[in-house]
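As recorded in TrEMBL:
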TRANSMEM  12-31  transmembrane segment
TRANSMEM  90-111  transmembrane segment
TRANSMEM  123-141  transmembrane segment
TRANSMEM  171-197  transmembrane segment
TRANSMEM  217-235  transmembrane segment
TRANSMEM  264-282  transmembrane segment
TRANSMEM  288-306  transmembrane segment
TRANSMEM  343-362  transmembrane segment
Amino acid sequence: MLRRWKELHQEIRFDLPVILFLGLMVGILALRANPLLYDLDVGWLVRTGEYLLDHRSLPPGDLYSFSNPGKPWILYQWAFEVYLGGLHHLAKLGGVVWGTSILIALTYALLLHHLVRIGLSPGWATALGFLAALANMFHWLSRPLTATLLCYTLQLCLLEAYRLRPRNQLLLLPVIFLLWANIHLGFVFGLLVLALYGVGGSLWPGAFRGPGAPRDYRILFIALLCFGATLLNPYGPKLFSYLGQLAFSTTMNAHIQELQSPDFHAPCFVFFLLQLILLLWLSGPKYPGRPVLLVLVTVTLCMGLYSARHLTLFAVPTAMHLGYSIVAREKLPVCEPGGISKAGWLVAGAVAVLSLFWVVAIERWHPGFYQFDSRRVPQGAVRYLAAQVEGGKPLKIFNLRDFWGSYLIYALFPQIRVYLDTRFDMYGDEFFKEAINTQQKALLDFRVVLPLNVDYLLVDKKSLERRQVDQQKPKGPFLLVYEDDQALLYRVDRNSP
């Protein structure tokens, strides 16, 4: 009886990742005002994915703006756009939410599986895995960075599994990097992580695996293969120089909020601070591989303090480091090799498939269940514009909020073209700086937009209030055709003197 209880206990601990996977996925899908759709980049990501699926080729240039028609556009995340476009075709925004929830749930299920395998008790493993998920919750968005976090976590789990019990784990890495390089530019950081592990295994084998361990050059060899795999993208090595160009785009980096240092007054960073506190309390004992993980934790912490988006890279290695520290502190026995039970795999797969059918059914029986936050998008103005765009030439919309441009693309493309949206990397630093100045001037005098030959001017009321601008009839040929609590929509009367 006792033996059977121990066997059952082992099965349950190895199936904990399944429980976390299902809990995260179902929990996210159950939210109607879904946080995964908070970022309006989803709009142009979906439409671009649909374009790629329809045309089977990359667009020759910009599709969505009248300010930069046909400008060369590097789609470094084209595979993720195809992923979202296909899911949207299947189940509208519900499909997008489902696909993103799968990526998020897989990320932290992988982390929890690793924590269980290194010998942590179910309680500690679940606490550290769930805390890492909550620490990154501020970036649970339908964005390519979500896929990067999955690739990054899978990479770390494979490297750590290889460090503990060298087998053939590294053979998966070139395949991961081949996909990663076509999903998001975060693969470059993944290459640096590979280099860190390669240096640790080859130069400091004792610190990497323990006293007496031989030098291991296989990670460095695999790193070269992974680098070669990343060149298999539509742009080849130019993708690396493009990343350097983005890094030195001063206007873009100063304007985008997630590239700024985090504001720790925001409640979403409480869980990050909890991880920091645990680092102070639990990270004392030494264990093989500690120097490598500590370097990674330190580097990602510095990156995160400089740019809030990079805090997402901090949570996973920190959870691993804390897990090893607890095992060393409490002298827990290393868990025997094992994995998720067949029943666990079957349940996880079945629920994932059934949840997709459920999302498809919801979108058909209850259209609009999954929608963008109505407080962030000008739905009323878009409904008005939708009635004006049937047939004929696309309308030019000058939008005073860049992220509204992304929503307009989703709602009305190809019947409209926008002035600016959130594809800041495509527009380039010089135009982006000019566009911001134009938008600020237009708040004070709408006539600034007349040389652009626009058809409509879409104004955010909050921006007018912040600038204390009078909302009475503006000077120039601007006719107010729609107004609600969010937006003012003006038609430009070109026949007016």
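Positions of Cβ are set from backbone N, Cα and C atoms, glycine also.
Because TrEMBL annotations are produced automatically, they should be read as predictions rather than curated entries.
Note that the structure is predicted; figures quoted are calculated from it, not measured.
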Review point. To the transmembrane segment (343-362), which of 90-111, 264-282, 288-306 is linked by the most Cβ pairs under 8 Å?
Key: 90-111
**Study point:** Best-contacting stretch, by C-beta pairs under 8 Å, relative to the transmembrane segment (123-141) and drawn from 12-31, 171-197, 217-235, 264-282, 288-306
**Key:** 264-282
Review point. Which sequence positions outside the transmembrane segment (264-282), separated from its termini by at least 6 residues, show Cβ-Cβ distances below 8 Å to it?
Key: 131-132, 134-135, 137-138, 297, 304, 311, 314-315, 318-319, 321-322, 325-326, 329
Check your understanding: So are the transmembrane segment (171-197) and the transmembrane segment (288-306) touching or not, going by 3+ C-beta pairs under 8 A with a sequence gap of 6 or more?
Key -> yes
**Study point:** Non-local residues, at least 6 beyond the ends, that sit with Cβ under 8 Å of the transmembrane segment (12-31)
**Key:** 97-98, 100-102, 104-106, 108-110, 112-113, 116, 122, 125-126, 129-130, 133, 140, 335, 338-341, 343-345, 347-348, 351-352, 355, 358-359
Point to revise | Long-range Cβ neighbours of the transmembrane segment (217-235) (under 8 Å; 6 or more residues past either end) | key: 58, 74-76, 78, 159, 162, 166, 170-171, 173-178, 180-182, 187, 190-191, 194-195, 197-199, 201-202, 242
